[in-house]
Amino acid sequence: MSTLLEVSGVSVTFDGFRAINNLSIAIGEPELRAVIGPNGAGKTTFMDIVTGKTRPDTGKVLWGERSIDLLKLSESQIAKAGVGRKFQKPTVFEDQSVHDNLAMALKNKRGPFSVLIWKAAESDRARIVELAEEIGLSDRLAHRAGDLSHGQKQWLEIGMLLAQDPRLLLVDEPAAGMTPAEREHTTDLLKRAAKTRAVVVIEHDMEFIRRLECRVTVLHEGAVLAEGSLDHVTKNQQVIDVYLGR
Amino acid sequence: MSIEISRVTTAPAPRGSFLRANPSVLWFMGLLGLFTLGVTILSEGFGIGAISTNLVKILGMTLCLCLIAIAMDVVWGYCGILSLGHFAFFGLGGYAIGMWLMYARTEIVIRDSLGRGTIPPTELEVAEGVAAQIFGVVGSSELPLIWSFAGSLPFQLAMVVLVPGLLALVFGWLAFRSRVTGVYLSILTQAMTLALALYLFQNDTGLRGNNGLSGLQNIPGYQHVPQSVISMWFFWASAVALGAGYLLFAWVVSGKFGSVIRAIRDNEARVRFLGYNVEGYKLFVFTITAVISGIAGALYYPQAGIINPAEIAPIASIYLAVWVAIGGRGRLYGAVIGAASVSLLSSWLTGGGAPNIDLGLFRIVWTDWWLVFLGLGFVAVTLFFPKGMGGLFDYLVRKKP
């Protein structure tokens, strides 16, 4: 397992509030990692920094074998480099069909001119059908994404992520609003994805994390409080204090 | 039902199915062809003379307005950029072709009058004569630098495309790169068209200030051809341009490109995280629609006969947005319906064609009240028919799930 993403000494301040405080995390490839922490611990801000949405005040974010500085790239360049993100609230393009949503995410050339003359190749079509099967939306391809249920939208977004074929998947609360059966399906999907790439999952639900059976990082006040297996971190006194209050 | 859907799943649309996937394009082409044929048969120049040359010009100009309206629909209805400055590009196209029309025709007149003398005129004398003739009205006899190639039709035709295109490219690059969006971008485009209009109003800009360019209906070299025939030439050219523009934009918005720009309209941040360079797409759409607007303007003003800076005042571009909103955003034929109906209604009501209504205590004079009704209509459409007039077609064509 080699290091894919290395965040070191990153700090961000919003209007005097220190959202991220000297945070350092390294993610390997392939790896499944869960990030937990109380509200305001900086979990989502961490994803914002990696994807280029938020610029940190200090620190470094290095990517890949050649240690590319992600802070110098725009959002779209970071996405093209291989970072995919799923948002907390499912954000799919509701006005367009499930098929078109997936087609847009497919790993193809992204320039205006290449997209203008793009025609779905046989492999693209096969990939869309395959993805739809994986996310359980095979019979919904022609439907408007806006007509899907909340859980189906979550899956469509995960499907779009997989279509991008990223090396690093950042997944923010994937199981929010899902039924127990849907949760189980989502866990399987993430575990399968993590066999070939790096997956970072933010989640509140401990039961969900337990099923992921992976290394856990606990964030608190913008810094790493503990890291290790779920059993290890839940025995940590500091973690217990943070979660249960002192 | 499940059988129907699974068929769609396993066999997505085959290649070359653009027209089959967009039946409205065929309908539009058919109706445009019929309309053109009908006007030709009824015209004075080529038919039975049932409609006047003046009306042919109005219809031809309306086709040009429909062309800029579909450009506006692509930039606003599909890509979500509410540009309130596209008439600036329309006007620039008109100025570019107007310079050639005016220069070449004046040159013929000057050569004619100088040629009557005993000694043939030198080129310098001709050039000075042309400059004095064109710019006498603003108290100058020097030919401004921007008129250097005004005598060349190919050069001015290139300018029809290049000037609006380059202005849009530079303006768009600056605006989109700074991530100016929404209302702020709209205000910026208004400022652009206002600044351009004020600049052109100055006499020393070299485009005859508030006099503008005139006599554009006379085509150099075709003085002997009556207006009834020339008006039909421009009518046909406008119809061909509208048809070609419609095809081009229908193709642009139908495929994955259309999918991406509609996604940008709905959630541009999300599109960035998919790896698309949102600014590049916006710039592409802004520029290509500006170029088409310039071409529409170059066909419009020879039919109008005159262009002056008032044509690109901010209000013109606001009207353009009103047409598209009333006709229906996000569907090309909606923009055509909106532009054609509102602009024709406007010329009928303000041209004295409509009878005034006497209500006893009060008299509705259409020239005064037209704008009030347009405003009310706009509010009503926005509140009650957000899909515009084009949305009525959804009731006719039952959409599949």
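Heads up, the Cβ atoms here are built off N, Cα and C, so glycines get one too.
According to TrEMBL:
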- B:25-46: transmembrane segment (TRANSMEM)
- B:58-78: transmembrane segment (TRANSMEM)
- B:84-103: transmembrane segment (TRANSMEM)
- B:153-176: transmembrane segment (TRANSMEM)
- B:183-201: transmembrane segment (TRANSMEM)
- B:233-253: transmembrane segment (TRANSMEM)
- B:280-300: transmembrane segment (TRANSMEM)
- B:306-325: transmembrane segment (TRANSMEM)
- B:332-349: transmembrane segment (TRANSMEM)
- B:369-397: transmembrane segment (TRANSMEM)
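Same-chain residues lying 6+ beyond the ends of the transmembrane segment (B:84-103) with a Cβ under 8 Å from its Cβ atoms: 68, 71-72, 75, 130, 134, 146-147, 150-153, 155-157, 159-160, 163-164, 167-168, 186-187, 189-190, 192-193, 196-197, 200, 207, 213-216, 218-220, 289-291, 293-298, 300-302, 307, 309, 311-312, 314, 316-318, 320-321. Here the transmembrane segment (B:369-397) has long-range neighbours at 24, 322, 324-329, 331, 333-335, 337-338, 341-342, 346, 349-350, meaning same-chain residues at least 6 beyond its ends whose C-beta is under 8 angstroms from one of its own. With pairs at least 6 apart in sequence, the transmembrane segment (B:280-300) and the transmembrane segment (B:233-253) have 3 or more Cβ pairs within the 8 Å limit; the two touch. Packing against the transmembrane segment (B:332-349) from elsewhere in the chain are residues 24, 27-28, 58, 62, 65-66, 68-70, 72-74, 77, 242, 246, 249-250, 253, 319-320, 322-326, 366-367, 370, 374, 387-391, 393: each is 6 or more residues past its ends and has a CB under 8 Å from a CB in it.
The stretches the transmembrane segment (B:153-176) and the transmembrane segment (B:280-300) are in mutual contact, each linked to the other by at least three Cβ pairs under 8 Å (pairs 6 or more apart in sequence). Of the candidate ranges B:58-78, B:183-201, B:280-300, B:183-201 contributes the most Cβ pairs within a distance under 8 Å of the transmembrane segment (B:306-325).
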